[in-house]
Amino acid sequence: MSDSGGGSHKSSTTKPSVFGLNLYLVIAICSVFILLISLLIFLFVCLNRVSRARRMRVKHSSGSIPLVSKEISEIKTVGKFINSDDSKGKIGNEVVVVVSATSKEATSGFDTLSVASSGDVGTSEAMGWGKWYSLKDLEIATRGFSDDNMIGEGGYGVVYRADFSDGSVAAVKNLLNNKGQAEKEFKVEVEAIGKVRHKNLVGLMGYCADSAQSQRMLVYEYIDNGNLEQWLHGDVGPVSPLTWDIRMKIAIGTAKGLAYLHEGLEPKVVHRDVKSSNILLDKKWNAKVSDFGLAKLLGSETSYVTTRVMGTFGYVSPEYASTGMLNECSDVYSFGVLLMEIITGRSPVDYSRPPGEMNLVDWFKGMVASRRGEEVIDPKIKTSPPPRALKRALLVCLRCIDLDSSKRPKMGQIIHMLEAEDFPFRPEHRSNQERSK
């Protein structure tokens with residue numbers, strides 16, 4: 001009885017098995033096997049896609065550039081023989097960009113951007129905007145994008161000095177790809193200033209678009225004397241090297257650059273971020289407007305474009321800030337604030353100052369209204385300007401920041417105001433003549 005009971009107990013506790021192996025062990029082995037098979041299939045598919053992509057690149061062009069966006073439909077490189085003393089016999093990759101946006105499309109924010117190629121040198125220079133740089137080229141020129149080569153940093157990217165093997169120097173902006181911002185700014189700058197050449201605008205030399213690394217970089221001419229913000233607000237000692245005449249030269253140069261964008265192009269370009277840090281200076285204090293990442297195109301038949309409010313606090317015009325309606329008048333307002341900054345040496349908004357002086361525009365208007373205009377001059381200017389020159393500059397500031405945007409002058413008129421010796425005093429001069437009669 002006891003033996004049969006014991007045998008019965010043994011048989012009931014025996015674990016299930018397959019081919020003498022524990023069932024759970026068999027399941028584990030099968031799971032690992034299935035996982036390995038799935039991994040092999042996945043690797044095979046990936047390798048197949050990479051191989052197919054390589055074959056397509058070789059088939060179309062061994063020097064093709066990765067596509068930038070859906071709007072940039074085609075990019076080709078063309079070998080161009082460079083016949084110069086410095087680079088005889090070299091082949092350069094030139095990228096030719098043709099902007100094909102109607103005015104309506106342009107006002108909506110750079111809807112179309114097509115790229116074509118040309119083997120003709122003259123046509124390439126007339127239609128194109130710069131050279132294609134490989135990521136490796138720029139890594140070498142910037143010493144691996146080292147901190148020692150970093151010359152600027154902002155919300156949309158980091159700027160590095162690039163020293164190329166041929167002795168040329170450039171500034172490389174590595175765009176930060178926050179929520180696709182690099183792609184947007186890349187396209188905006190190409191459309192805005194890709195074909196523009198003006199002595200008061202920073203020249204765009206070329207670009208780098210590396211899809212594998214998700215890199216978008218813009219290559220500009222190198223301006224070797226920093227920006228206006230550094231010279232106005234940096235530690236330059238008790239006496240600023242920016243004399244009154246130099247400051248007016250910078251202001252006029254900036255105005256000429258903006259006037260070209262507004263009045264010399266079709267469609268016109270609204271910069272949308274005019275400020276002291278975006279005014280670069282060379283050793284002769286020539287001003288060059290830079291950073292077109294927020295720029296908008298405005299067709300001739302359109303008086304404004306409605307867009308999300310962007311810019312820098314203190315420089316943004318009140319009508320744009322409140323309605324989102326943008327046109328060149330917004331740049332004029334920003335220039336007026338910039339001119340105040342040049343004259344006073346003060347930032348547009350400075351929370352370290354007393355409450356009545358925090359906002360530059362309000363303080364400036366109050367000082368001029370109370371006939372204390374001579375007191376607004378930057379104390380770091382050693383030699384004060386002639387009274388007529390000061391009055392002329394003050395008048396330009398006030399006209400640029402008129403709350404009625406339609407009453408603000410055009411940039412071309414501003415240039416005339418700043419350069420014409422007798423502009424602010426013509427009405428007074430006429431009235432004196434009338435009284436003498």
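A Cβ is built for glycine as well, from the same backbone N, Cα and C atoms used for every other residue.
According to Swiss-Prot, the features are:
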type: TRANSMEM; residues: 25-45; note: transmembrane segment
type: DOMAIN; residues: 145-426; note: domain 'Protein kinase'
type: BINDING; residues: Ile151, Gly152, Glu153, Gly154, Gly155, Tyr156, Gly157, Val158, Val159, Lys173; note: ATP binding site
type: MOD_RES; residues: Tyr220; note: phosphotyrosine
type: ACT_SITE; residues: Asp273; note: active site, proton acceptor
type: MOD_RES; residues: Ser277; note: phosphoserine
type: MOD_RES; residues: Thr307; note: phosphothreonine
type: MOD_RES; residues: Thr312; note: phosphothreonine
type: MOD_RES; residues: Tyr320; note: phosphotyrosine
Cβ neighbour count (within 10 Å, all chains shown) around Tyr320 (phosphotyrosine):
25
Here's one to test understanding: among the recorded positions Ile151, Tyr220, Thr307, Tyr320, whose C-alpha is closest in space to the C-alpha of the residue listed as 'phosphoserine'?
Ile151
Give the number of CB atoms, excluding that of Thr312 (phosphothreonine) itself, located within 10 Å of its CB.
19
For Ser277 (phosphoserine), name the DSSP secondary structure in the helix/strand/coil scheme.
helix
Minimum Cα separation from Tyr220 (phosphotyrosine), reported as the residue among recorded positions Glu153, Gly157, Val159, Asp273 that achieves it:
Val159
Between Ile151, Val159, which of the binding-site residues has its C-beta surrounded by the fewest other C-beta atoms within 10 Å?
Ile151
Fewest other Cβ atoms within 10 Å: which of the recorded positions Glu153, Asp273 wins that one? Let me know.
Glu153
Closest to Thr307 (phosphothreonine): which of the binding-site residues Glu153, Gly157, Val159, going by Cα position?
Gly157
Distance check against Asp273 (active site, proton acceptor) for the recorded positions Ile151, Glu153, Gly157, Val159, Thr312, keeping those with Cα within 10 Å:
Thr312
Across the domain 'Protein kinase' (145-426), what does the pLDDT come to on average, as a whole number?
91
Measuring Cα to Cα, how many angstrom lie between Thr312 (phosphothreonine) and Val159 (ATP binding site)?
19
